[in-house]
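First the structure, in the form of C-alpha cells, and then the observations on it.
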Amino acid sequence: MDETYRDRTTLVKGAKDIAKEVKRQAVKKVNKAVDKAQDGYTQRSYNRFQDEEDDDDYYVQGGNYGAEANDDEGSSEATEGHDEDDEIYEGEYQGIPSMGQGKDGMVALGQPMRDEYKDRHELETERKADEEELAQQYELIIQECGHGRFQWALFFVLGMALMADGVEVFVVGFVLPSAETDMCIPNSGSGWLGSIVYLGMMVGAFFWGGLADKVGRRQSLLICMSVNGFFAFLSSFVQGYGFFLFCRLFSGFGIGGAVPTVFSYFSEVLAREKRGEHLSWLCMFWMIGGIYASAMAWAIIPHYGWSFSMGSAYQFHSWRVFVIVCALPCVSSVVALTFMPESPRFLLEVGKHDEAWMILKQIHDTNMRARGQPEKVFSVNRIKTPKQIDELIEIESDTGTWYRRCFVRIRTELYGIWLTFMRCFNYPVKDNTIKLTAVWFTLSFGYYGLSVWFPDVIKHLQSDEYASRVKHFHNEAVSHFVFNFTLENQIHSNGEYINDRFIMMKFKSVIFEDSLFKNCVFEDITSLNTYFRNCTFVNTTFYNTDFEQYKFVDSELINCTFYHIRTGCQISFDDDYSAYWIYFVNFLGTLAVLPGNIVSALLMDRIGRLTMLGGSMVLSGISCFFLWFGTSESMMIGMLCLYNGLTISAWNSLDVITVELYPTDRRATGFGFLNALCKAASVLGNLIFGSLVGITKAIPILLASTVLVCGGLVGLRLPDTRTQVLM
C-alpha cells in the first residue's frame with residue numbers, strides 16, 4: 001500500500017512540474033487550462049442537488065462526481081483552496097498512462113475513461129441509456145410537480161400562439177376579394193396570395209421546428225411569433241401588390257413555427273395521464289382563431305365607410321383594419337411568452353441541469369401555492385442528464401470579417417438543423433416517420449382540398465342561380481331617354497341608343513352586345529362586371545366614369561371624348577349579394593368544429609389515440625359520399641359542418657401522437673417537417689380540387705374519400721403511445 005501511494009505521489013509531482021513548464025512556455029496553454037477548470041467547476045456546482053456517497057465516487061457526466069473525493073488521491077474535487085498551478089494541472093492533466101498502461105491503469109487512479117478515448121458509437125450508446133433513465137425519472141418529477149396553475153397559465157399563453165396560426169390560415173381567404181379590387185390584382189395573379197402564404201408557412205414550419213431543438217422552445221417561439229406579428233402589421237399599410245405579397249410571405253414564414261413549437265413545448269410539462277386530454281384542449285384554440293377571423297371579417301370588411309385616403313396615392317380601406325385586428329392574438333402571445341420559462345425537459349437534454357432544476361422547482365412551488373400547500377418542499381435533488389456529445393465544427397477565426405462570421409454561423413446552424421432532420425429517419429423512429437408522413441399528407445390533402453372546394457362549390461351554385469335570373473333584351477331602340485337607375489344582371493343585344501343620357505347610375509353584371517350608341521352621354525358611372533362587346537360608339541362623351549379600355553371588347557369608338565376617367569380599382573362591394581354570405585358560411589364551418597373538439601378531448605385518453613385517429617379519418621372519408629346529393633346551398637353547408645366536425649378529432653389525435661412518438665432532441669424538428677408537408681399537401685389539394693369546381697363532382701369526392709380512408713388505415717398501424725412516458 002505504501003509503495004502504491006509513493007508511486008502515485010511521484011506521478012502527481014511529475015505532472016505538476018510538467019504543467020508549470022508548459023505555463024512558462026505557452027500562455028495560450030494556460031488560458032485553455034483555466035477555461036477547462038472553470039467548466040469543471042460549473043459542472044460540479046450541480047452536485048449541491050445530488051446525494052453524496054461516502055464510500056465510492058458516483059460518475060455522472062464526463063468526469064463529474066457526486067461525492068467528495070479522497071484528499072490523499074489528489075482529486076480535483078477537494079482543491080478549492082489550491083493555488084493557480086494546481087488549477088492548471090487539474091484542468092490540463094488528468095492522468096497520462098504510461099506505455100504499459102491502458103484503461104485499467106486509469107481506473108486504478110480513480111479516473112473514468114475520458115470521452116476522447118471512446119468511439120462515436122460508444123458515446124451514443126451511453127447517451128441513449130441516459131435518455132431512457134431520464135424519461136422515467138422526468139415522468140415522476142412532473143407527477144410530483146402536479147398539474148395546476150403553471151400548466152393552465154402556459155396553456156393560455158401557447159393557446160394565443162396557436163390561435164394566431166388559425167387566424168393566418170383564414171385571413172387570406174377573407175382578404176382576397178377586397179385586396180384584389182383595391183390593388184387591381186389581375187386574375188392571373190390572384191392565386192399567388194393564397195399560395196405564397198402557404199409557401200411561407202411550409203418553410204417556416206421546418207426551420208423554426210429545427211431551431212426549437214437547437215436553441216429552445218420558448219426562444220424559437222418568441223422569435224417566430226415576433227416575425228409574424230411585425231410583417232402582418234406591416235402588410236396592412238403597404239399599397240403595392242408585390243410588397244403586400246412579400247409581407248404576407250414573411251408573415252406566413254413566422255407563423256409556420258407556431259404549431260410544432262407549441263405542441264412540443266406544452267407536452268413537456270404534462271404528466272402522462274394528462275397529456276392526451278390537455279393537448280386536445282389546446283387544439284381548440286386553432287378553432288377559436290378561425291371563429292375569431294370569421295367574426296371579425298363579417299363585422300369589419302363589409303363596412304367600407306371605415307376607410308380614409310391621403311390623396312390618390314394612399315388608400316386605407318376596411319379590409320386593412322381587419323388585417324390589423326387579426327394580428328392582435330400574435331402580439332398578445334409574444335407579450336405573454338416573455339413571462340414564461342423555457343421547457344425544463346429541453347434544458348435537461350442539452351445538459352443545463354441547474355436551470356432545469358430551478359424551473360421544475362418553480363412549477364412545483366407555483367402549483368403547491370395554488371393548492372394551498374406552500375409548505376410542501378420539492379424533494380428532487382438529483383436529475384439524470386444525458387451524456388453531451390461534442391460536435392467539432394470549424395468556425396471562422398476572429399480575424400475574419402463580420403459578415404463572413406455571420407455567414408459561417410448561419411450555415412452551421414442550418415447544417416445542424418439538417419442533421420437533426422436526417423436523424424428522424426434513423427432507427428428506431430424511421431418507421432414511425434414514414435407512417436406519420438403518409439397520415440399527415442393524406443389528411444391535409446383531403447381536408448384542405450375539400451375546405452377550398454366547399455366554398456367554391458357554394459359560390460358556383462350561387463352564380464348559376466344568379467345567371468338563371470338574367471334578363472335578356474333584344475333589338476332595343478331607345479332615343480332621347482335618361483337612364484338614372486341601376487341596371488343589374490342584364491344582357492342587351494342588337495340595340496340602338498340615340499341621344500340617350502346615362503347619368504349617376506350603376507351597371508352591375510351588364511353586357512351590351514352588337515349595339516350602337518350615337519350622340520350619347522355617360523356621366524358619373526360605376527360599373528362592376530360590365531362589358532361592351534362588338535359595339536359602336538359615335539360622338540359619345542364619357543365623363544367621370546370607370547370605363548377603362550379593357551371593358552370595350554372588340555368595340556369601335558368614333559369621335560368619342562373621355563373626361564376624368566377613374567382609373568385603377570374601386571371598392572364597390574356594398575351591393576355584393578355574397579359578401580355577408582361567404583363570411584357566414586365560414587363562421588358556421590369553424591363553429592361546427594367545437595363538438596368534435598370536446599369529444600376528442602374527453603375520449604383521447606380513454607379510447608386511445610389510434611382509435612380516435614383511424615376512426616375519425618375513415619368516418620370523414622365515408623361522409624364525403626353524401627356530397628353527391630348536395631344540390632343546394634343549404635345542403636352543402638350542412639355537409640361542410642358535418643365534415644369539419646368529424647375531421648377535427650383526427651387532427652387532434654395526430655398532433656398528440658406526433659409529439660409522443662419523437663424523442664425530445666428531435667420532437668420539434670420531426671413535427672416541423674410533418675407540418676411543412678401538411679402545407680405542401682394543402683397547396684396541392686387546392687390546385688387539384690379548385691380546377692375541378694364546376695366541372696364534375698365525381699373526381700373530388702372519390703379522391704378525397706380514398707385518401708382519407710387509406711390514411712386512416714395507415715394511422716392504425718402506428719404504435720400506441722397512451723401508456724408511454726415522453727421519450
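Each residue, glycine too, has its Cβ placed from N, Cα and C.
The region 'Disordered' feature in TrEMBL is assigned to 27-83.
Residues annotated as coiled coil in TrEMBL: 113-140.
Per TrEMBL, the feature transmembrane segment maps to 152-177 (among others). Within the chain carrying the transmembrane segment (152-177), a Cβ under 8 angstroms from the stretch's Cβ atoms is held by residues 190, 193-194, 197, 201, 221, 225, 228, 232, 248, 251-252, 255, 258-259, 261-262, 265-266, 269, 278, 281-290, 292-294, 297, 301, 319, 322-323, 326, 329-330, 332-333, 336-337, 340, 455, 573, 579, 582-583, 586, 590, all 6 or more beyond its ends.
Under the heading domain 'Major facilitator superfamily (MFS) profile', TrEMBL lists 154-722. Per-residue confidence over the domain 'Major facilitator superfamily (MFS) profile' (154-722) averages 81 (mean pLDDT, predicted model).
The transmembrane segment annotation in TrEMBL covers 189-208 (among others).
Sequence annotations record features per position, and here TrEMBL assigns transmembrane segment to 220-237 (among others). Beyond its flanks by at least six residues, the transmembrane segment (220-237) meets 161, 164, 168, 204, 208, 211-212, 244, 247-248, 250-258, 261-262, 265, 316, 320-321, 323-324, 326-327, 330-331, 333-334, 337-338, 668 of its own chain at Cβ-Cβ distances under 8 Å.
Annotated transmembrane segment per TrEMBL: 243-267 (among others), in sequence order.
As annotated by TrEMBL, transmembrane segment applies to 279-301 (among others). A Cβ distance under 8 Å defines the sequence-distant neighbours of the transmembrane segment (279-301), meaning residues of its chain 6+ beyond its ends; these are 155, 158-160, 162-167, 169-171, 174-175, 178, 262-263, 266-267, 270, 318-319, 321-322, 325-326, 329, 579-580, 583-584, 586-587, 590-591, 593-594, 597, 600-601, 604, 648, 651-653, 655-656, 659.
As annotated by TrEMBL, transmembrane segment applies to 321-340 (among others).
Residues 589, 613, 617, 620-621, 624, 636, 639-640, 643-644, 647, 650-651, 654, 657-658, 661, 670, 674-675, 677-679, 681-682, 684-686, 688-690, 692-693, 700, 703-704, 707-708, 710-712, 714-715, 718 of the same chain sit 6 or more residues outside the transmembrane segment (436-454) yet have a Cβ under 8 Å from a Cβ within it. Summarising the annotation, TrEMBL assigns transmembrane segment to 436-454 (among others).
Taken from TrEMBL, the feature transmembrane segment covers 580-603 (among others).
Taken from TrEMBL, the feature transmembrane segment covers 610-629 (among others). Note on the transmembrane segment (610-629): residues 439, 442-443, 446-447, 450, 600, 603-604, 635-636, 639, 642-643, 646-650, 652-654, 657, 697, 701, 704-709, 711-713, 715-716, 718, 720 of its chain, located 6 or more positions outside it, place their CB under 8 angstroms from a CB of the stretch.
Sequence-distant contacts of the transmembrane segment (635-659), counting only residues of its own chain at least 6 positions beyond either end whose CB sits under 8 Å from a CB of the stretch, comprise 259, 263-264, 267, 275-276, 279-280, 283, 287, 436, 439-440, 443, 447, 450-451, 454, 457-458, 461, 585, 588-593, 595-597, 599-601, 604, 609-610, 612-613, 615-617, 619-620, 623-624, 626-627, 629, 667, 670-671, 674, 712, 715, 718, 721. Positions annotated as transmembrane segment by TrEMBL: 635-659 (among others).
Sequence-remote contacts of a segment are chain residues at least 6 beyond its ends whose Cβ falls under 8 Å from one of its Cβ atoms, and for the transmembrane segment (671-692) they are 194-195, 198-199, 201-203, 205-210, 212, 256-257, 259-261, 263-264, 421, 424, 436-437, 440-450, 452-453, 456, 658-659, 662, 699-700, 703-704. According to TrEMBL, the feature transmembrane segment maps to 671-692 (among others).
The feature transmembrane segment is assigned by TrEMBL to 698-718 (among others).
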